[in-house]
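Record features (TrEMBL):
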- 2-234: domain 'Glutamine amidotransferase type-2' (DOMAIN)
- Cys2: active site, nucleophile (ACT_SITE)
- Thr304, Asp366, Asp367: Mg(2+) binding site (BINDING)
Amino acid sequence: MCGIVGIVGKSAVNQALYDALLMLQHRGQDAAGIVTCEYEKLHMRKDTGLVRDVFRTRHMLRLRGEMGIGHVRYPTAGLSSSAEAQPFYVNSPYGIVLAHNGNLTNADELKHDVFADDLRHINTQSDSEILLNVFAHELQIQNKLRIDEQDIFNAIAGVHRRCRGGYAVVVMIPGFGIVGFRDPNGIRPIIYGRRETINGTEYMIASESVALDTVGFTIIADIAPGEAVFIPVNTEQIYRRQCAAQPVLSPCLFEFVYFARPDSIIDNISVHKARSRMGKKLAAKIKRTWPNHDIQVVIPIPDTSRTAALQLANQLNVTYAEGFIKNRYIGRTFIMPGQQVRKKSVRQKLNAIDLEFRKKNVLLVDDSIVRGTTSRQIIQMARDAGARKVYFASASPPVRYPNVYGIDMPAASELIAHGRSELEIEQALGCDRLIFQDLPDLIQAAQKKTKSVVDRFDTSVFDGVYITGDVTEAYLQQLEQARSDAAKAQAFDSDDALLDDSGIDLYNTV
Ligand SMILES: O=P(O)(O)OC[C@H]1O[C@H](OP(=O)(O)OP(=O)(O)O)[C@H](O)[C@@H]1O
Ligand SMILES: NC(=O)CC[C@H](N)C(=O)O
Ligand SMILES: [Mg+2]
């Protein structure tokens, strides 16, 4: 998962972009980048690392201009090198910069076509560079010296015809404006808003509403699946157009389970409320299937499960206690690269307060069990802290299938639930009882109580149904071979991993 942002402002946008990226940091911890546009000139700073480490004062001073885009990265393709940090730039036509959240499932075919048919060169293994070049080609064939919004929308319609997978995108064209667009299934989130300043109206497009709120923008709307929103420089008017033939909103359910911040609103659904409802549904399942339970205390596994765990405890009428203290200086472990670092980080991140566990039957609650890295260690920690019985509940169903739309879960064999029954997972984790949310309950929890705006979600990690309809067994096998932890470790030792700023790109501020 990545975070993207674009601002068309009326004064310098560097600080607002930085602030927005900080608010989107939970979506990607590997790399960060900003490109600003000062009249016709572009300024870029990108590197591996967290937002606070990538941008020093000297970089910020050089990121001049009243329009810009930014990105925080959690790779799903290619390497973690700074050459594949985003935004990406292509010189022709007009000079275009792009930031992408998602993953293209036909990247290999596209890469071939982009070279053989469009006569364009791709210099990295990133699918986002391919996406940029597809867009650039589709804009080029409009064959205009001076483009207008219809040319941009036509180019995006071309992108929808050619690209498969998940993509929420911001694109900046110097001297012209910023356009945001979303794939025809609306898998990844993207929203836009405005703020009034003494110099006029400014617009922001971002992955999550939390970036708008905290930087002082008010929400206008989510970008609809297949839709594009174009914000020109130097005018107050913005343009929208549906660019896909058959758009069907199918947002990723895992955003609501884990990825998004709880204070975001995605497709008109409050993530916080969705997680609360997950807790209620899970409590109802426990009451239904285990009426004589002997749970004495409900303990969340910080951070993401807290909202669901609190509701679950309320509904069961059982004490809720914070039994694990989180080290605030360690990031999200699930999106860290490599199993070794993830394993070590769980122990660094969470420590038990023994007295909340001693001689008690505890129910540990997490939002999800993916590789089992967290749950395995936490269950052992609860036992070491003196718990009598350790039960475990997951606010989502078992994650059994790889994700191909922007979450780096490429290898079925690395998922603890893959090919295992719930009882076998319980045994593998070593808890006394394991309860999973049922998928229909999770879907209902994510939908609003009344008539929902979302009729269907991408639920592929739970049921193996890939909504783009193009994901074959062969593709999944190829993905596993290319991106399993073992494959990544090997790639890390290769020459490519040493790539630094060697991509064909703008001058990067050092
Ligand atoms: O089964 P696993 O592979 O361990 O993955 C699942 C865990 O990873 C995530 O936590 P993370 O530490 O990334 O972030 P959080 O602090 O937002 O919960 C998620 O909330 C689960 O706790
Ligand atoms: N998680 C994402 O959205 C990744 C975006 C893009 N596929 C990359 O690897 O950089
Ligand atoms: Mg967690």
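Note that Cβ sites are derived from N, Cα and C of the backbone, with glycine treated the same way.
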* To do: Which residue among the binding-site residues Asp366, Asp367 has the fewest other Cβ atoms within 10 Å of its Cβ, if you could check?
  => Asp366
* Which residues, same chain and not among Thr304, Asp366, Asp367, have a CB within 8 angstroms of the centroid of the CB atoms at the recorded Mg(2+) site? -> Val257, Tyr258, Pro300, Ile301, Asp303, Ser305, Ala308, Val365, Ser368, Ser394, Ala395
* To do: Using DSSP reduced to three states, classify Cys2 (active site, nucleophile) as helix, strand or coil.
  => coil
* Structure fact -> What remains of the binding-site residues Thr304, Asp366, Asp367 after requiring a CB under 6 angstroms from ligand 2 is none
* **Whole-number mean of pLDDT values that fall within the domain 'Glutamine amidotransferase type-2' (2-234)** => 96
